[in-house]
Amino acid sequence: MQSDDVIWDTLGNKQFCSFKIRTKTQSFCRNEYSLTGLCNRSSCPLANSQYATIKEEKGQCYLYMKVIERAAFPRRLWERVRLHKNYEKALEQIDENLIYWPRFIRHKCKQRFTKITQYLIRIRKLTLKRQRKLVPLSKKVERREKRREEKALIAAQLDNAIEKELLERLKQDTYGDIYNFPIHAFDKALEQQEAESDSSDAEEKDDEEDEEDVGKREFVEDDEVDESDISDFEDMDKLDASSDEDQDDKSSSEEEEKTLDAKHKGKTPLKGPLRRKRAYVEIEYEQETEPAAKAKTT
């Protein structure tokens, strides 16, 4: 038969309890079924045959109850009741199940349930909220990265200074070619100079053309023409037409004569500005004949 006073005298005062933690001010209990976490007579789960507590498992709250009738059966010592997710309905369930329990246990169960629900709500909020992940770095790696950053910054500043200096020299025509350095910047500078020189040349040409046109005289036709002038022009056109017909007849007759001469003579001589006329030369041939007497003696 279980006696709560004997158990408390044994565990609480005289002998050792594995769940007890003593400090300078107070003693605490590490038992998982402890209602308050304090080591005292009313809160001890081992020295109270009628006891109740609240536990949380995987985000769900349960009410655990112990009575003296099941003290002889350790396998069925605790009765578990699942509480509702709604806070008010869960409190009603606690009141219904702990109606014959001491008021202290009932009040502490409600207090424990409120604390558990509060930290569950906080856990849900933290999981939904985006958090920073802190990654530990060794001091060696940190120093190495800092040195690399400083070296890269110094190298970038040097490159910019060298580029500016070389661009200024190129603009001042200090030297013609650039060696051992990226030439992209110089190509850009040369393109800008060429574009500026082309625009200045075009402007100078336009100015010269405008100066040349100054004082130039031109003749422009008049739109108003008298009728007498028109009749004179018509007579001139008739005369020009008759003269053109005569010239066409003459040219056709000359072409026919040329074709006949070409047939008789053969090939036509070459025409061109480089051809020279040959001088007229008369050639005479003389034949000598020996006398007949000389021929007989021989």
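Each residue, glycine too, has its Cβ placed from N, Cα and C.
Feature annotations, reproduced from Swiss-Prot:
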MOD_RES   MET1  N-acetylmethionine
CROSSLNK  LYS55  SUMO2 cross-link
CROSSLNK  LYS151  SUMO2 cross-link
REGION    190-276  region 'Disordered'
COMPBIAS  193-213  compositional bias 'Acidic residues'
MOD_RES   SER197  phosphoserine
MOD_RES   SER200  phosphoserine
COMPBIAS  220-235  compositional bias 'Acidic residues'
MOD_RES   SER228  phosphoserine
MOD_RES   SER231  phosphoserine
COMPBIAS  249-263  compositional bias 'Basic and acidic residues'
COMPBIAS  264-276  compositional bias 'Basic residues'
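Sequence features annotated in Swiss-Prot and their locations in the structure.
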{"residue": "LYS55", "record": "SUMO2 cross-link", "DSSP class": "strand"}
{"residue": "LYS151", "record": "SUMO2 cross-link", "DSSP class": "helix"}
{"residue": "SER197", "record": "phosphoserine", "DSSP class": "helix"}
Position of peak Cβ density within 10 Å, selected from the recorded sites LYS55, LYS151: LYS55
Neighbouring C-beta atoms (10 Å sphere around the C-beta of SER197 (phosphoserine)): 10
C-beta crowding around SER200 (phosphoserine), within 10 angstroms: 10
